[in-house]
Amino acid sequence: MRALEQRILKDGRVLPGEVLKVDNFLNHQIDPDLMFAMGSEFAQLFREAGITKILTVESSGIAPAVMTGLQLHVPVVFARKHKSVTLIDDLYTAEVYSYTKKTSNHISIAKKFLQADDRVLIIDDFLANGQAVQGLFDICDDAKVTVAGVGIVIEKVFQTGHKVVTDRGVQLESLAKITSFEGDQVHFLTTDD
Ligand code: 5GP
């Protein structure tokens, strides 16, 4: 998505550890117009997939997920992050190692928000090594729902997350695909859109 790539080039900052900081339009301050355009793009890409629910993880997945839900007219559920979970009877939980924080969190979703006939679209801000998406896959498996697709705002294609999704045979759509941070610059997979 060209508008997103241009915004990354304008405002993104490459940090040590192959981390892209995009806090002035995605991870802290949010640009609602760009977010709405990304929601339109995801909605168009997954319009025929029979999506009944969108899942994401708090907090940075929520904005793109809501903008997609708005345009597919389906509810959005975000997994909550906890350091540890003790009262788990009514929750589906999974453990997720955070790429940026280098700590493990439990994520959880209330059982009442997932039904076995749901067809779920997972949306997240970044795909790095696929831990967050894998945690949501685990929850979907526990809930016996179908994962119909994964939509990612920014994929770092040189990391292993791509394989986590494609090994499962799920449709993966990423709006910006970064191939490297060579020379502290962002390099994209060339697209013609
Ligand atoms: P994964 O679980 O795929 O290894 O990493 C995905 C999660 O880590 C995302 O939800 C995001 O919060 C965070 N993350 C991974 N890489 C980056 C990055 O380069 N920049 C930022 N801002 N967050 C990242």
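Along the chain as shown, residues are numbered 1 onward.
In case you wondered, yes, glycine gets a Cβ from its N, Cα and C as well.
In TrEMBL, annotation is done automatically, which means it is predicted and not curated.
Feature annotations, reproduced from TrEMBL:
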type	residues	note
BINDING	Leu20, Asn27, Lys156	xanthine binding site
BINDING	Ala128, Asn129, Gly130, Gln131, Ala132	5-phospho-alpha-D-ribose 1-diphosphate binding site
Gln131 (5-phospho-alpha-D-ribose 1-diphosphate binding site) and Leu20 (xanthine binding site), distance between Cα atoms, whole Å: 17
Cα distance (Å, whole number) from Asn27 (xanthine binding site) to Gln131 (5-phospho-alpha-D-ribose 1-diphosphate binding site): 18
Inter-residue Cα distance where the pair is Lys156 (xanthine binding site) and Ala128 (5-phospho-alpha-D-ribose 1-diphosphate binding site), in Å: 6
Cα-Cα distance, maximum over Leu20, Asn27, Lys156, record's xanthine binders, Å: 16
Cβ neighbour count (within 10 Å, all chains shown) around Ala132 (5-phospho-alpha-D-ribose 1-diphosphate binding site): 29
CB-centroid shell, 8 A cutoff, 5-phospho-alpha-D-ribose 1-diphosphate site Ala128, Asn129, Gly130, Gln131, Ala132, site residues removed: Val96, Tyr97, Tyr99, Leu127, Val133, Gln134, Gln159, Thr160, Gly161, Val164
Chain-internal residues near Gly130 (5-phospho-alpha-D-ribose 1-diphosphate binding site), provided their CB is under 8 angstroms and they sit 6+ positions away: Gln159, Thr160, Gly161, His162, Lys163, Val164, Val165
Other CB atoms, at most 10 A from the CB of Asn129 (5-phospho-alpha-D-ribose 1-diphosphate binding site): 16
Most Cβ neighbours inside 10 Å, all chains, among the binding-site residues Asn27, Gln131: Gln131
Ala132 (5-phospho-alpha-D-ribose 1-diphosphate binding site) and Asn27 (xanthine binding site), Cα-Cα, nearest whole angstrom: 16
Inter-residue Cα distance where the pair is Lys156 (xanthine binding site) and Ala132 (5-phospho-alpha-D-ribose 1-diphosphate binding site), in Å: 14
Cα-to-Cα gap, Asn129 (5-phospho-alpha-D-ribose 1-diphosphate binding site) vs Lys156 (xanthine binding site), nearest whole Å: 9
Packing count at Ala128 (5-phospho-alpha-D-ribose 1-diphosphate binding site) (other Cβ atoms within 10 Å of its Cβ): 23
For Ala132 (5-phospho-alpha-D-ribose 1-diphosphate binding site): DSSP state (helix, strand, coil): helix
